[in-house]
Amino acid sequence: MAKKITLLGSTGSIGTQSLDVIQAQGYEVYGLAAHSNVSLLFKQIQQFSPAVVAVVDDEAAKKMRTLLDGMANAPKLLCGKEGLEELAAMPQADIVLNAVVGIAGLPATLAALEQGIDVALANKESLVTGGYLVTETAKRKQARLLPVDSEHSAIFQCLQDAHSAKTLQKILLTASGGPFFGKTKAELQHATRQDALRHPNWSMGNKITIDSATLMNKGLELIEAVWLFGLPPEKVQIVVQRQSIIHSMVQFADHSILAQLGVPDMRIPIQYALTWPERVPGPAPELDFTKLSSITFDVADEETFRCLAACKKAISKGGLAPCAANGANEEAVRLFLEDKISFLKIGELVEGIVESENFAGSYTVQDVYECDRMARAYVLEHI
Ligand SMILES: NC(=O)C1=CN([C@@H]2O[C@H](COP(=O)(O)OP(=O)(O)OC[C@H]3O[C@@H](n4cnc5c(N)ncnc54)[C@H](OP(=O)(O)O)[C@@H]3O)[C@@H](O)[C@H]2O)C=CC1
Ligand SMILES: CC(=O)[C@@H](O)[C@H](O)COP(=O)(O)O
Ligand SMILES: [Mn+2]
């Protein structure tokens, strides 16, 4: 029987590439969800015939209702944040692929895991904001978290040999360095939205592309790696690999290092999360070494790119500090994309919130959302 997938965030960069993979593998789509892009979601419904769809935005959900009213074999429509969570928890799916952007993805991750459903996780913010709750729920319900983020998929792929994995000593998390690699603070004073959205290697959604430019993405990924692979933050070393060909590496007790390489194409990690533990042919092209002029390594500049330093501080503080850093960043990126704050202000705000309180200790899911609200309010008060 074909695997049944529920895909959350189907209209985004990861979502649309996931549908490429799903089509190539002949998988069945059980559920689709988006926020407000009704026209694309409707096309996806026509092509993949899901049983259930969820639309988070209320106005968009009304438009979808109208479109579905005229459709034969229309899927069931769920609305709002509650609808997204309800879809994520539907046990008919074999796996939920969470490609929602931001903390908005956390309730769905928790809802799927709570039902014991495996989650292929692109939504790194789930682990950054609620890492303890997400990993505890997965463990308690014996559900798997399968990494989709390219670096974490690379690490996961390098750890498939259980004997070696037991001796994991260090993770070498690669970073492209983003569009502003090598620039000074002075040169970044007037960095624009357009400059920041020009990623050297990957075509991605706007929010993660800005995160790559500030190196917040690497900070979020460091926290994500700590939760997924159980190493302390000081055992995760960031290595700038400008070409995004080496997607990450692991070092074992004997100082042997394994790396995963490939073209920068998210369909490889998406597919691995869906087919794991099998490897099968897929739609991504192969890497042609004869066309690679070099593979280079550099050190990340944490003095200029304060978000990375702030995330390191946040994970070492523990508790809700990473959630606060994430909330401040989500709000700051929104304001930067609306041309309301400067590029460098994003780092100042993320650093500011992490320094502002202690945040230590255990937390509930309500505490996570309260901390997120507080971090967003902090940003609005400090611009
Ligand atoms: N793009 C990439 O290559 C990579 C992305 N990731 C991670 O994957 C996630 C998705 O990234 P990406 O695909 O780039 O993002 P996009 O912005 O391209 O897509 C986001 C998706 O989430 C939906 N969405 C937005 N807001 C909400 C909300 N409040 N509730 C429910 N759904 C919502 C959007 O719907 P609509 O279109 O209707 O607004 C869209 O389907 C992020 O966490 C990112 O960090 C990780 C590695 C690589
Ligand atoms: C494709 C992917 O996984 C992104 O998270 C990517 O890694 C961004 O690149 P950098 O953050 O390294 O610029
Ligand atoms: Mn990544």
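Quick reminder: no glycine exception, Cβ is built from N, Cα and C everywhere.
The model shown is predicted, which means the values in this text are computed figures rather than measured ones.
For the Mn(2+) site, TrEMBL records D149, E151, and the single candidate of E82, E85, E221 listed with them is E221.
Record check, TrEMBL: 1-deoxy-D-xylulose 5-phosphate site residues include K124, S150, E151, H199, S212, N217, K218, E221, and the candidate from S176, S256 also listed there is S176.
Residues T11, G12, S13, I14, N123, E125, G205 are given by TrEMBL as NADPH binders; from N37, N73, that same site also lists N37. Classification of K124 (1-deoxy-D-xylulose 5-phosphate binding site) by DSSP places it within a helix. Sequence-ordered, the extra residues of this chain that approach the Mn(2+) site, with Cβ no more than 8 Å from the Cβ center of D149, E151, E221, are K124, P147, S150, H152, S153, L173, N217, L220, E224, A225, S248. When the C-alpha distances from H199 (1-deoxy-D-xylulose 5-phosphate binding site) to the binding-site residues G12, S13, N37 are tabulated, the minimum falls on S13.
With K124, S150, E151, S176, H199, S212, N217, K218, E221 listed as the residues that bind 1-deoxy-D-xylulose 5-phosphate, the site has a largest C-alpha separation of 19 Å. DSSP places the residues of the domain 'DXP reductoisomerase C-terminal' (261-377) in helix, strand and coil in these numbers: 68 helix, 2 strand, 47 coil. Neighbours of K124 (1-deoxy-D-xylulose 5-phosphate binding site) among the binding-site residues T11, G12, S13, I14, N37, G205, defined as a Cα within 10 Å of its Cα, are absent: none qualifies.
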